[in-house]
Amino acid sequence: MTFRDILSVTFEGPRASSSTGGSGAGGGAGTVGPEGPAVGGVPGATGGSAVVGTGSGEDNQSSTAEAGAAASGEVNGSAAVGGLVVSAQGVGVGVFLAAFILTAVAGNLLVILSVACNRHLQTVTNYFIVNLAVADLLLSAAVLPFSATMEVLGFWPFGRTFCDVWAAVDVLCCTASILSLCTISVDRYVGVRHSLKYPAIMTERKAAAILALLWAVALVVSVGPLLGWKEPVPPDERFCGITEEVGYAIFSSVCSFYLPMAVIVVMYCRVYVVARSTTRSLEAGIKREPGKASEVVLRIHCRGAATSAKGNPGTQSSKGHTLRSSLSVRLLKFSREKKAAKTLAIVVGVFVLCWFPFFFVLPLGSLFPQLKPSEGVFKVIFWLGYFNSCVNPLIYPCSSREFKRAFLRLLRCQCRRRRRRLWPSLRPPLASLDRRPALRLCPQPAHRTPRGSPSPHCTPRPGLRRHAGGAGFGLRPSKASLRLREWRLLGPLQRPTTQLRAKVSSLSHKFRSGGARRAETACALRSEVEAVSLNVPQDGAEAVICQAYEPGDLSNLRETDI
């Protein structure tokens, strides 16, 4: 019997007394009166959702009410929708699932539109997050509505063929979502562990190849039941469920969950270890790259007269070293152990909580049918995995301030990013400065230069030239940069990240306010952060030509991506 037959009542034959079908707990297929119509019923599995047929004979005046009462003991408090009797509990479940689905769709759409409408968010890491959002959006829009319909009605009304397709798409989207989480964990480990080489390691072409491989693996896992790797088809077309064939249940559980879970746990544990060691190195003022003899020293150049109140060079040197270490920690904020532990607990904990119960029960129930949970418990476990697709947009993108700002702009219908002046907190206080100070990242030889003076091995970027004036060095824009009407700090295709601007702004406020007492021995009272440079020792090599790097791609110059 098709879904259309369930929603319709068939009338046949002339007027005469008729008998009713569908009595009892769901009824049977109905019977035909001597001269009356056939009455459609619903199998006993549908319980109180039976449809009562009526005739037109004299004996049928009270048959409708009697048969309806016999067909369902819960008719009172139920709603009839399209000829189907839906209980009040089913209506409540439907409303809850509808809100759940709409939340998942809206959250994943926000992630996709945020990256599409903001060029500064179009990075390789965010491409993986967008892929996660696409998988979750496809699951929310193409799978969950039919799953919710089956939960409300109590049976599958869409036929056997569509059931097989729905189950395959379900496995495809869930597997792609989990593999996307796995890919994000690997990408963030590479970004933290080898961040100086990250732009060369994780290019857009490699990212596209990884995403193509990800969907190929998900497709291989999902097409098994369509090719016959499943248990025998049940005779009742109104039943639709996941395949519990032993071999496929184990294969899909291992490929879709257990292997990705192992990778996720290992990668995030490594991220935490590397972040903690990096934080300790930054507190000491030196960051050592593994397997290399060179040292990377973060130094904050302060504009102004670097004179001590007492004129003691030794005291000035010691206090300057302390200031350098504290500023390094405040600038980078790479990985505070408590924050990293909290973030990792949320990421790994939510993933395991949502998916582990389902992938534990599925193979266990296939191997040992007597250990299967009850139907109600299995439904909760089944939808708990879907819940992960709803919370992913909250965990991963919302851990970034840039994504939060992009969400707010989208909600305010401000798709285009406003042109804001870079680092307004670093506006030069002296009239001799024509432009704002530049943030330069230059590899330098091992010897040190006096603070406040430019390195002899570094040249300014095109479009900016230095001149002496007032208490320090300023920047005077060239004619070409004025014609462009936009001061490009990092080149036409590179923009400083929001996190880095906020960090430098915080440092500037420290110099001017509460930290002035500690900073007065190293910087003038009105000094500001002029540059962040990398001191890289070169053994026997010539001076390194100044190169500009993307701050967001440099090791430890962005907040931890965990």
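Glycine is treated like the rest: Cβ placed from N, Cα and C.
Model, not experiment: these values are computed from the prediction.
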Residue pair Ala88, Arg238: same membrane side in Swiss-Prot: yes
Which of 91-115, 128-153, 343-367 contacts the transmembrane segment (208-232) most, counting Cβ pairs under 8 Å: 128-153
Integer average pLDDT (0 to 100) for the topological domain 'Extracellular' (1-90): 43
Other CB atoms, at most 10 A from the CB of Cys413 (S-palmitoyl cysteine): 6
Counts of helix, strand and coil residues, the topological domain 'Extracellular' (233-245), according to DSSP: 0 helix, 0 strand, 13 coil
Same-chain residues at least 6 beyond the ends of the topological domain 'Extracellular' (368-374) whose Cβ lies under 8 Å from its Cβ atoms: 361, 381
